[in-house]
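Asks: Once you've had a glance at the structure underneath, I'll fire off some questions.
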């Protein structure tokens with residue numbers, strides 16, 4: 001089952017051979033480090049211990065160097081690992097280098113912690129340090145003779161202390177993981193491996209108290225250490241599904257979005273990378289093909305989800321995967337699964353990318369916001385200043401589209417402009433419907449323009465229509481916006497949503513939910529932005545490009561693929577509110 005994973009070392013990317021080599025490298029290095037830590041108190045070290053340490057060091061060094069050549073491991077880290085592990089083994093071997101062995105073992109331990117922590121920091125890093133150091137010390141006690149030359153350090157009490165440290169570190173990691181108190185602990189690979197890294201030290205502690213010694217406990221500690229280090233290669237399960245909170249997960253190697261995640265009709269969204277043969281099914285029900293939708297990216301499938309818990313199966317590119325669902329018993333917005341469902345899903349995706357799990361209570365098409373209404377009024381004023389004689393409105397039947405059409409027509413009347421029903425020789429088109437309706441209206445307008453001199457003052461979009469498939473349905477258009485798609489905040493969101501969902505393009509609805517409480521940061525004065533498709537002749541990789549303008553790649557953070565979006569007006573004047581409007 002997939003509760004939603006976002007790990008750089010997921011099951012699709014973590015090759016089994018690489019993982020096994022990594023585990024062997026870390027285990028052997030930890031054993032060598034442990035011999036270095038305990039060498040000053042171990043007294044005479046026989047040939048068996050020396051040969052064992054040297055053999056383990058040789059294996060670890062060879063694996064480290066192999067990782068550099070075979071799997072593109074950082075050369076500095078790999079070489080440093082090999083040098084340190086050999087240096088510790090040599091110091092353990094040499095009669096007069098006891099203290100050097102300990103001092104060399106310390107950086108080796110830290111290197112192991114860094115390799116084990118997999119980028120984690122803070123408390124997690126401290127817990128990793130305790131676990132790795134305790135396990136390494138245990139391995140050292142197993143390899144070296146336990147006739148220690150120390151009045152304070154004794155094998156028996158040390159074993160109990162080490163086992164206790166392993167238990168404490170494991171419990172802290174379990175609590176901090178977020179999966180320790182729900183079914184993900186036993187229903188996911190990560191939970192099972194984490195459980196092993198906690199339970200096995202408890203077994204070691206019991207064995208130690210019963211006096212069964214280092215050798216027996218060493219086998220269990222080794223297993224616990226392998227489980228601990230393997231956690232970096234196991235995908236962390238996402239949060240459990242909550243009724244009414246759209247689900248962002250991964251299945252069959254592709255991201256999956258389910259909205260509104262309530263009983264009844266739901267939309268399942270897959271990125272374009274899932275291919276045209278992707279299918280989804282609920283439980284044992286029939287498979288539904290995910291198909292493109294007008295005005296939206298990727299593919300979409302309508303499914304009927306029952307009340308309560310269940311599974312959604314995704315098939316893509318010859319792979320299968322499942323996503324857990326828990327719809328509860330409530331109802332979601334009706335527009336979440338209709339023609340405006342893709343825009344609603346994009347709004348939900350914005351919040352999920354920002355790691356906010358919010359119940360989807362309404363969709364953008366359910367109402368016209370005051371900000372968007374004012375932007376439309378200001379757009380009509382802008383058109384009046386350009387000499388437009390009439391405005392044709394392309395709306396839809398949604399509450400937002402209906403109200404937006406009223407706002408545009410009222411503003412046109414206030415400026416003395418005609419409210420046209422179709423193309424003309426002196427008017428402009430203003431599209432205020434949803435994505436599907438707008439793409440249809442723009443495509444039809446473009447066809448009319450090819451046959452006659454219609455809409456000479458241009459094609460204009462409502463603020464919520466700055467979306468790739470809509471904008472790119474015509475050569476050029478314009479849209480009133482309160483934010484600049486080229487600025488850092490908007491680009492950051494565009495990159496984030498693209499990374500999270502298979503290069504998905506950004507949307508105004510998603511941007512606003514991604515901002516959440518900081519939405520005011522994208523509520524500046526209204527300016528009109530022009531969007532135009534850009535077609536450039538591809539250039540070879542060895543040809544010199546114009547600075548800042550690569551011609552053979554798509555730039556990350558673009559709001560509209562293969563198009564430019566630039567301001568063509570100063571901030572528009574704020575219109576006076578008309579009473580009752």
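Glycine is no exception: its Cβ is also placed from the backbone N, Cα and C atoms.
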Asks: Which is it, of 311-340, 341-370, 371-400, that TrEMBL names as region 'Disordered'?
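Replies: That would be 311-340, the stretch labelled region 'Disordered' in TrEMBL.
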Asks: So what's near the transmembrane segment (76-94) in sequence-distant terms, Cβ-Cβ under 8 Å and 6+ beyond its ends?
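Replies: For the transmembrane segment (76-94), the sequence-distant neighbours (Cβ-Cβ under 8 Å, at least 6 residues beyond its ends) are 25, 28-29, 32-33, 35-36, 39, 45, 50, 53-54, 56-58, 60-62, 64-65, 67-68, 100-101, 104-105, 107-108, 111, 115.
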Asks: Under the DSSP assignment, what numbers of helix, strand and coil residues are found in the region 'Disordered' (311-340)?
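Replies: In the region 'Disordered' (311-340), the DSSP-based counts are 3 helix, 14 strand, 13 coil.
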Asks: Counting a contact as 3 or more Cβ pairs under 8 Å, with residues at least 6 apart in sequence, do the transmembrane segment (216-236) and the transmembrane segment (125-144) touch?
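Replies: These two segments touch.
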Asks: Could you give the residue numbers and ranges of same-chain residues that sit at least 6 residues beyond the transmembrane segment (16-38) on either side and whose C-beta is under 8 angstroms from one of its C-beta atoms?
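Replies: 49, 53, 56-57, 59-60, 63-64, 66-67, 71, 81, 85, 88-89, 91-92, 101-102, 104-106, 108-109, 111-112, 115-116, 132-133, 135-144, 148, 222, 225-226, 229-230, 233.
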